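Engineer: Sending over a structure as structure tokens; questions will come in a sec.
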Amino acid sequence: MEEPSGAQLLGPVEIRALAEKLDVTPTKKLGQNFVHDPNTVRRIVAAAELTPDDHVVEVGPGLGSLTLALVESAASVTAVEIDPRLAAELPETFQWRAPALAHKLSIVLKDALKVQQSDMEVQPTALVANLPYNVSVPVLLHMLEEFPTINKVLVMVQAEVADRLAADPGSKIYGVPSVKASFYGPVTRAGSIGKNVFWPAPKIESGLVKIVREDTAWKQDDETRKKVWPIIDAAFLQRRKTLRAALSGHYGSGQAAEEALRAADIDPTLRGEKLDVTDYVRLAGVLQQKDEK
């Protein structure tokens, strides 16, 4: 029996009942899959390593499975939901399953790709979410860009996306998402999630990805990103090309690209997949600027 001061998590019966009440069918368009296993939810929250001082932002709370567990471990939870029916039902669910914790919940009815600092009552320190699978990487990067206060991330994504995000330089799956995510700090796999904990059950496995934001040798601001991101994009646009060839468009010519690469102490004959984020930042020439400002 749950303590009255805590939250009663949602199981398969409650998830189906809520969906029927709201006439909600999880849609592929919105990347919706609802977690209906309390043990999985507890595991996600434990992996996030939240403290009682953390202010969590959750993207895509759905019917509230993860949200209910998060409020037990954090100072507050802001749920960003694009579906008005789901957003309207969340407070009702909290009155039913966690009335003593309902004051910790805030809801933002908005597309997560458009959410801004001004939408938040409290700036988040952690992002914990079962991300909509069709936009998981863009949402992850947007949240890290928009909220410099986020210092820890634990997200559930498709297993192959999790592998790509946490890939090391030189591997076949290392690419643009890997480099851009590591711009903020180390990216690691934090576990696997089976198909049967979801409704409806997806066709593929899921994975947990953890990012711990670190104080880097470069500024994690818009000005820096605008210099680094285009170089990363250009380097991976045609993976089989050498950096000299791949970056010739960015720098204006192959010769100019080679000069920039050599100035950054990078072999022009390498391919983009061989460089880590530090190399790309150095190539963008923004390391020195941080010290000057």
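Note: Cβ is positioned from N, Cα and C throughout, glycine not excepted.
Pulled the feature table from Swiss-Prot, pasting it below:
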- ASN33, VAL35, GLY60, GLU81, ASP111, ASN130: S-adenosyl-L-methionine binding site (BINDING)
Engineer: Please work out the number of neighbouring Cβ atoms within 10 Å of the Cβ of ASN33 (S-adenosyl-L-methionine binding site), leaving out its own Cβ.
Structural biologist: 22
Engineer: Comparing the binding-site residues GLU81, ASP111, which residue's C-beta has the most other C-beta atoms within 10 angstroms in this structure?
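Structural biologist: Answer returned by the neighbour count: GLU81.
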Engineer: In sequence order, which same-chain residues at least six apart have a C-beta under 8 angstroms from ASN130 (S-adenosyl-L-methionine binding site)?
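Structural biologist: For ASN130 (S-adenosyl-L-methionine binding site), the qualifying residues are ASN33, VAL35, ILE44, GLY60, GLY62, LEU66, VAL155, MET156.
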Engineer: What is the number of other Cβ atoms found within 10 Å of the Cβ of VAL35 (S-adenosyl-L-methionine binding site)?
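Structural biologist: A 10 Å sphere around the Cβ of VAL35 (S-adenosyl-L-methionine binding site) contains 23 other Cβ atoms.
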Engineer: Under DSSP, is GLU81 (S-adenosyl-L-methionine binding site) part of a helix or a strand, or is it coil?
Structural biologist: strand
Engineer: Provide the three-state secondary structure of ASN130 (S-adenosyl-L-methionine binding site) computed with DSSP.
Structural biologist: strand
Engineer: Measuring Cα to Cα across ASN33, VAL35, GLY60, GLU81, ASP111, ASN130, which the record gives as the S-adenosyl-L-methionine binders, how far apart are the two most distant ones in Å?
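Structural biologist: Of all Cα pairs among the recorded S-adenosyl-L-methionine binders, the widest measures 20 Å.
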